[in-house]
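Here is what Swiss-Prot records for this protein:
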| type | residues | note |
| --- | --- | --- |
| MOD_RES | Thr31 | phosphothreonine |
| DOMAIN | 35-194 | domain 'N-acetyltransferase' |
| SITE | His120 | site 'Important for the catalytic mechanism' |
| SITE | His122 | site 'Important for the catalytic mechanism' |
| BINDING | Leu124, Ala125, Val126, Gln132, Gln133, Gly134, Lys135, Gly136, Ser137, Tyr168, Glu169, Lys170 | acetyl-CoA binding site |
| BINDING | Leu124, Met159 | substrate binding site |
| MOD_RES | Ser205 | phosphoserine |
Amino acid sequence: MPMLSPHSLKPDTLHLPPGTSEFLGCQRRHTLPASEFRCLTPQDAISVFEIEREAFISVSGTCPLYLDEIRHFLTLCPELSLGWFEEGRLVAFIIGSLWDKERLTQESLTLHRPGGRTAHLHVLAVHRTFRQQGKGSVLLWRYLHHLGSQPAVRRAVLMCEDALVPFYEKFGFQAVGPCAVTVGSLTFMELQCSLRCHAFLRRNSGC
């Protein structure tokens, strides 16, 4: 079998008409889906953390999940996450894990209980340039439908500050009282949502 010399592998210089390179660049960009929803992987962890850090550190001085915890959950239970990508760029995400008790505890912040029937939503965040566009609402609705398609998951639970309770109530969450979990001086309300109605809506929506 003939061998190719290094010189034969070197491409000839290609001369393109003015503007062609910009056109080809646009073509390459448009090979990516304009909008895609998918479960996250450990390879997405850095992008996730960059969005989360900007969204939470400036407001509360802390993050719901740090980078090692993000990788931990995306390794153990990627099916309980959902990311929204625009042309390959992560713009919003939710990360969850399974929990096996009636109410959240301090342990629930870092544990995944494979036998649990409750999906604990640890964090929902939107990239700063995509906020105030309704993306958080769309993503949460899709995420609850996604959970509703998993037979083992019966309900969703989260904790949030009092000001955010009305937002989550629009999606079927109900406040069950103050959360036992505290983060520094921050206190939270605990909310729960049955997934049966979301599973029914998914089956009848054709999604």
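Including glycine, each Cβ sits where the backbone N, Cα and C put it.
For Met159 (substrate binding site), the nearest of the recorded positions His122, Gln133, Ser137 in terms of C-alpha separation is His122.
Local packing around the recorded positions His122, Lys135 was summarised as the count of other Cβ atoms within 10 Å of each Cβ; on this measure the leading residue is His122. Comment: acetyl-CoA site residues Leu124, Ala125, Val126, Gln132, Gln133, Gly134, Lys135, Gly136, Ser137, Tyr168, Glu169, Lys170; largest CA to CA distance 19 Å, whole number. Residue environment of His120 (site 'Important for the catalytic mechanism') contains 24 other Cβ atoms, counted within 10 Å of its Cβ in all protein chains.
The DSSP secondary structure for Gln133 (acetyl-CoA binding site) is coil.
Of the listed binding-site residues Leu124, Val126, Met159, the Cβ environment within 10 Å is emptiest of other Cβ atoms at Val126. Secondary structure from DSSP puts Glu169 (acetyl-CoA binding site) in a helix. The number of other CB atoms found within 10 A of the CB of Glu169 (acetyl-CoA binding site), across every protein chain shown, is 13. Using a 10 Å Cα-Cα cut-off around His122 (site 'Important for the catalytic mechanism'), the binding-site residues Gln133, Lys135, Ser137, Glu169 reduce to an empty set.
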